[in-house]
């Protein structure tokens, strides 16, 4: 999985329960710390391979 600022295609590509795949700033998605830690942890729980 990718660390902060790593390229990603979905939240499941990013390491850490609070790290989201952010496509907002450019067309190149990057992993970044989420402001919604609890919600992200719940979403990450559904990632199959991480």
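Just so you know, glycine gets a Cβ as well, placed from its N, Cα and C.
Under the heading disulfide bond, Swiss-Prot lists 1-15 (among others).
Long-range Cβ contacts of residue 21 (disulfide bond) within its own chain (separation 6+, distance under 8 Å): 8, 9, 10, 11, 13, 14, 29, 30, 31. According to Swiss-Prot, the disulfide bond annotation covers 8-21 (among others), on the basis of a curator's inference.
What Swiss-Prot lists as disulfide bond is 12-47 (among others), and the listing cites a curator's inference. Residue 12 (disulfide bond) falls within a helical segment according to DSSP.
The disulfide bond annotation in Swiss-Prot covers 14-31 (among others). A 10 Å cutoff on Cβ-Cβ distances gives residue 31 (disulfide bond) a total of 22 other Cβ atoms nearby, all chains included.
Every protein chain considered, the tally of other Cβ atoms within 10 Å of the Cβ of residue 29 (disulfide bond) stands at 21. Per Swiss-Prot, the feature disulfide bond maps to 23-29 (among others); the stated evidence is a curator's inference.
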Listed disulfide-bonded residues (1, 12, 14, 23, 47), ranked by Cβ neighbours within 10 Å, top entry: 14
Among 8, 15, the one of these disulfide-bonded residues whose Cβ has the fewest neighbouring Cβ atoms within 10 Å: 15
Closest of 1, 12, 15, 47 to residue 23 (disulfide bond), Cα positions, disulfide-bonded residues only: 12
